[in-house]
Amino acid sequence: MKRFYVIGFLLLMGFDTLAQLGLKYTAIHALPLVASTEWLLRILSQPWIYIALIGYLGAFFMWLTLLKKAPIGPAFAASHLDVISVMFCSHWLFNEHLSLVQLAGAGLILCGIVCLAVSESKNEDHQVDPIKVN
């Protein structure tokens, strides 16, 4: 797999994870949930909401870049790495419980990403360059 793809997927995962954790921190500090101007100002005064926004913008632009340059199968699969990173970061930062089902799901996601990456690399090895054929 090309170095660009690995770096791109890791950046996408990092931005997505940052956005999800930023929203979680914002939600925790915005309690109690009351539909009022005070509640909205409490959210807007949280630095984590802006960190989440940066995470979402970074993920959006990384995703567009990966879609333009990377094979779609592995790109789509790797975009789900954030599910795993958010799960482990939430366990570490928020003391959220990890069940065996969650761990098994994370393992299945990783297996799917690896399978798609391996099959895509095999496809790249067997493709014929039309310029060299003529």
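Any Cβ shown, glycine's included, is placed from N, Cα and C.
Per TrEMBL, the features are:
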type: DOMAIN; residues: 28-116; note: domain 'EamA'
type: TRANSMEM; residues: 48-67; note: transmembrane segment
type: TRANSMEM; residues: 74-94; note: transmembrane segment
type: TRANSMEM; residues: 100-118; note: transmembrane segment
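Under DSSP, the residues of the domain 'EamA' (28-116) split into helix, strand and coil as follows: 71 helix, 0 strand, 18 coil. Residues 5, 8-9, 11-12, 14-23, 25-26, 29, 75, 78-79 of the same chain sit 6 or more residues outside the transmembrane segment (48-67) yet have a Cβ under 8 Å from a Cβ within it.
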